[in-house]
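So that you can see what the record holds, here are the features copied from TrEMBL:
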DOMAIN    130-257  domain 'Phosphatidic acid phosphatase type 2/haloperoxidase'
TRANSMEM  38-61  transmembrane segment
TRANSMEM  73-93  transmembrane segment
TRANSMEM  99-119  transmembrane segment
TRANSMEM  131-152  transmembrane segment
TRANSMEM  188-206  transmembrane segment
TRANSMEM  215-232  transmembrane segment
TRANSMEM  238-256  transmembrane segment
Amino acid sequence: MKKQTKIFFGFVACLLLIFTFTDLQISEMLYNPKSTFGWFFESFGEVIIALIGCFSTVGMIRTSGKKWSVGTILLGTLFLFDTFMASFLITHYLKLPTFAMGLLGICCVIIFPLIGFNIQPADFEVVRRIAKAGVVISLAPILIVTLVKMLWGRQRFRSMLDPAAEFTPWYVINGFTMNDDFMSFPSGHSANSATIIWITWLPLWLERLKGRETLLSLISGIWIICVMLSRVIMGAHFASDVLMGAAIVLFLNMYLKKKWYPSIEFGTH
């Protein structure tokens, strides 16, 4: 395990320990459902996962060299799912009219295939790796986080009538549920927003981004922290929820880079 990985793992562990004892107090202090900051990052924070999925599925299809196969059909289906997800999330949170969802979907169907068409054959190998990472990073968090949410059954702060009596620590498994009010741990918004770390792969392909890996990591970190904070402010999650939601994706990203590009970590060469 590289030094940076050890430091990051230790940092997450320390924060989780702190939040184990301060979760409720932090939520009571920050809760403000009318926060503009909270509303903004609730509305746009997780859209990034769908956009990454759109590009990555198109990139995989473009670099596969196969027009029709089971793989390309599945990727095409996943592209349509990501297109729906991106347009739905924006329409839902901004409370836009239904036709806006269709317009956004059409934009995705036009823009991303055009980007894919312009990928040059000389870049196929590196783009395929980047796109493959994007597919995994944009799909795995949805599956993992949703499953854990249903198994954990942790109640959201904003749905509590008596927080002092209803609160349970993150490590308590309350039992299977399908009730959204009891799907606090871990945070899906935080996990989905953390997929922005995928942009640290782009310098492997785009020359103009080479040497800017640290900047991309900084941008990713700021975005993730803002979304994490917003979820606590809105009462949707506790601090430990948002920490673990983001950590799942960040650890996954580190694993993929170690597996496919052992010489890079956290967006650096």
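Glycine too: its Cβ is placed from the backbone N, Cα and C atoms.
On a predicted model such as this, the values are computed, not experimentally measured, just so you know.
Between the transmembrane segment (99-119) and the transmembrane segment (38-61), three or more CB pairs separated by 6 or more residues in sequence fall under 8 Å, so the two stretches touch. If you count C-beta pairs under 8 angstroms between the transmembrane segment (215-232) and each of 38-61, 131-152, 238-256, the highest count goes to 38-61. Over the domain 'Phosphatidic acid phosphatase type 2/haloperoxidase' (130-257) the predicted model carries a mean pLDDT of 96. For the domain 'Phosphatidic acid phosphatase type 2/haloperoxidase' (130-257), the number of residues in each DSSP class (helix H, G, I; strand E, B; coil) is 93 helix, 0 strand, 35 coil.
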